[in-house]
Amino acid sequence: MILSSSSSYAQTCSKYSFSSNRVFKSCNDLPVLNAYIHYNYDSSSGKLEIGYRQTRVSSSQWVSWAVNPTEQGMVGSQALVAYRQPDGKIRAYTSPITQYQTTLAEGNLAFDVSDLTATYANNEMIIFATLGLQNGTTTLHQVWQQGPLSGNVPAIHSTTGPNVQSMGTLNLVSGQTATSSGGAANSKLRKRNIHGVLNAVSWGLLMPIGVIIARYLKVFKSAGPAWFYLHVSCQLSAYIVGVAGWATGIKLGSESVGVVLKTHRTLGIVIFCLGTLQAFALLLRPKPDHKYRIYWNFYHHSVGYATIILSIINIYRGFNILKPDNKWKQAYTGCIIVLVCVAVVLEIFTWALVIKRKKSGSGEKISQSVNGSNGNNSRQGV
């Protein structure tokens, strides 16, 4: 849908006169949420003066207009936010949007903002500001929104109807606007979901399962060397899928200018490095009777457990960032609880078996196997 400055929409907004005697040369009616954008733009300096208006706004609602420097969609948007406080004063501030279901925390934007003010009268909120855009900018990805206040803090807006249609592009030179159906945002959300699923399944499930296989199946004589191959297959599969999930996260980060998820990103890089070290450690594994095998075992177990613990922590950080339906977080939590219960039961059973075999005089080897020590089995201690 294209709206030009010569359309009936533009004629409607062009009739508006600001009480503050501000004059804007260009304006557009936005198609949803009773919103209008007025502006003056100097392409040589990148200076954009805006007056964003939204009508039918109650005193218990906030409004926002934002620019996404890289793409259509909410995450990555650099927002101007305004609402009426309980004392009647109007608060206007900047907020970088780093995640879905944001609470619009105050923060600096990716570009300069000056002269930021807002007015509220007759259920109409107006935000004024001057933005310092990159020289030569001609088209903006814009997002506008409104939502309820919870006390004196912006709460999450509706995720249906006009509230998911309020995005599009604005050509600052021609004055044309194009609205988006939300396809771009949905595509980005789909990529984030793929990133989350790949990492939860690999680092968060397959990797712990591989550890359980290595620690507990080796005590069964009937397992023979099969436990080793199962362990390696499981961990190798987890690593391959995990690298794919890690790579999608790095790609998403490079595409999301203004989105800062420092802790989540740092943990992801650390986990990838630890996982890679584990993969190479298999190639350097000493023989069971080698004098350095005990040190390799300590390294292998320590790095493995650290990788799993950090992975689970980062997966929950991912849930807090993406905020999917609670059922997904609950499902993952249920899987972790099941794995922990299985590990506890197998640990008890294993030590019962160790004690029984010790009493029969054959427990030394199996005891060393449970603890990951050297042994005669060429696959022991993995």
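Each residue, glycine too, has its Cβ placed from N, Cα and C.
Caution: TrEMBL annotation is automatic and unverified by curators.
For 33-147, the entry in TrEMBL reads domain 'DOMON'.
Annotated domain 'Cytochrome b561' per TrEMBL: 161-355, in sequence order.
The heme b binding site annotation in TrEMBL covers His195, His231, His264, His300.
Residues or ranges marked as transmembrane segment in TrEMBL: 196-214 (among others). Nonlocal intrachain contacts for the transmembrane segment (196-214), taken as residues 6+ away from its ends with a CB within less than 8 angstroms of a stretch CB, comprise 227-228, 230-231, 234-235, 237-242, 244-246, 248-249, 268, 271, 275, 304-305, 307-308, 311-312, 314-315, 318-319, 322, 324, 332, 335-336, 339, 342-343, 346, 382.
Sequence-distant neighbours of the transmembrane segment (226-247) (same chain, 6+ residues past either end, Cβ-Cβ under 8 Å): 195-199, 201-203, 206-207, 209-210, 213-214, 217-218, 220, 268, 271-272, 275-276, 278-279, 282, 379, 382. If you look up TrEMBL, you'll see 226-247 (among others) marked as transmembrane segment.
Away from its own ends, the transmembrane segment (267-284) comes close to residues 199, 203, 232, 235-236, 239, 242-243, 246, 249-250, 296, 299-300, 303-304, 306-307, 310-311, 313-314, 317 of its chain (Cβ-Cβ under 8 Å, at least six residues beyond either end). Residues or ranges marked as transmembrane segment by TrEMBL: 267-284 (among others).
TrEMBL lists 296-319 (among others) with the feature transmembrane segment. If one looks beyond the transmembrane segment (296-319) by at least 6 residues along the same chain, the residues whose Cβ comes under 8 Å of a Cβ in the stretch are 195-196, 199-200, 203-204, 207-208, 211, 263-264, 267-268, 270-271, 274-275, 277-278, 281, 284-286, 328-329, 332, 336, 372-374, 381-382.
If you look up TrEMBL, you'll see 331-355 (among others) marked as transmembrane segment.
Per TrEMBL, the feature region 'Disordered' maps to 363-382.
For 367-382, the entry in TrEMBL reads compositional bias 'Low complexity'.
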For His195 (heme b binding site), the same-chain residues 6+ apart in sequence with C-beta under 8 angstroms from its C-beta are Gly245, Thr248, Gly249, Leu252, Gly318
Heme b site residues His195, His231, His264, His300: biggest Cα-Cα distance, Å?
-> 28
Specify the count of other C-beta atoms within 10 Å of the C-beta of His300 (heme b binding site).
-> 20
